[in-house]
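Now, the feature entries from TrEMBL:
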type	residues	note
TRANSMEM	12-35	transmembrane segment
DOMAIN	31-162	domain 'Bulb-type lectin'
DOMAIN	328-409	domain 'Apple'
TRANSMEM	424-445	transmembrane segment
Amino acid sequence: MTITEKKGSQLSYAFFVFYTLAIQAFIHPAAGALIETTEIRKGFSATPGHVNSEFQYLLADPTGLFAFGFMRVGPTKLNLAVVHLPSSLPVWSAIPSNLANWGRSTTLSFDGNLVLTDKSIHDGVLWSSNSTDGNFLVLRNTSNLQILFSSDENSAVWQSFDHPSDTLVQGQNFTSMVSLTTPDRRYALRIVGIHIGLFMEFGGRHEINYWRHSPFGAKGAIIYGIVQPLGFFGFYNADSSKAELLPFDSFDRGYLGLHRVTIQNDGNLHAYFWDNKKWDLVYTAVTEPCGLPGICGAYGLCLPGKPSCFCLVNGTDGCLQTDSGDFCSKEYSAFSVVRRSGVTVEYNELMLSARVQSLAECEKICERNCTCWGALYAKTTNVCYLMDYPIQTVEASGDTHQGYFKVRQQGGGGSAERHRAATAVSVIFTLVFAGFALYGGYWCWDKRRSNLLRLQLAGSSQEMTQTPFKDLRSMNT
């Protein structure tokens, strides 16, 4: 970073401090009155109260612009969050193993380690800072929540800036060691090598890299990125030289203000500028909604522009749902195939690809590869793009692409073999049962016939014994 840039950054920070003070004095004058606690000490504990409250304040920064506390999630759950008070927007939240209940069973305690527990949930501990030497918990006017060893602001043993959730605020470093993640952990923003990218994650090794930006001045791996109050996302090399300044729409407007970068629930990356009344959208990474892999869901078809959603494969409720995994195990190896012409994806250049001679060759590559879920064949270039992930939304295009998509058979692979075996067993059982039934019926009928015959013979003998000879004689006359 040059001397001029350093001076500009210092001036920007000074202006930001002035800006936050102005916000407290003029925009949000009651914030300081609402929250008096600016420091939490070792031994603190709290439980959620105020049943109708959306956010329970526990700690504020000195300017009253940000607050830390319990944030309601749905009607009965909560999470820990740092909230921008003028907009009530969370800029940081914990990522617990489970959401805690809003009730007396939940406790936030600080004994050097900040811990969220819920006695009504198995295992109890839902989230922890994993710090051991903390004595003070403070919130900076940058929204950075810190655990300090001493009153010295440089003695932090843990800070929220090192553990972002779905948002970066200006002044917060973004490195390859962390990621921005949506609350459902479905989408993530990461620095990988010299690229910054958006990923859709399925667990395990399956993921879709559907957006990538490569700073043009990168020298090897990027060390960090940082959102600047002047209105840009700066990326810097290991020697602190700038790799690129990615400008927002607010860049070079002649005034400073609070910026944030957030990965949205749909997987898009947006930058916002706070104009003292609302958050203005100043940057969008994926400008075509159909370029988002989950915009229409699994096996979805997106018509660009509006967008409008249709289904490649219908399910019981909307499009067919899919899951993670592959077709490599015998249990999950069986599949059917759906073909569709005129479909592609915005990010095909980021996919695995191979040059082929024909559509048939492209399909054969995917058919024989048990990790492949589908393929897109580009007719004009003879390139086969392979989908090594469960099928998501594809985009309608001209007739330049042909899609080949696997559909896992219900019940998993090998179901046809199991069905044939079950059918054979059923037939054999039916035949055996029918044989026993016929034999049993014949045996019962034969036994009954024999019994009737014995009764008839016995009756006839009795009549002959009891009837006098003379009567017999008279019967013959």
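Cβ from N, Cα, C; glycine included.
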With helix taken as DSSP H, G or I, strand as E or B and everything else coil, how many residues of the domain 'Apple' (328-409) land in each class?
16 helix, 34 strand, 32 coil
How does the model score the domain 'Apple' (328-409) in terms of mean pLDDT?
94
Could you break down the residues of the domain 'Bulb-type lectin' (31-162) into DSSP helix, strand and coil, giving a count for each?
7 helix, 61 strand, 64 coil
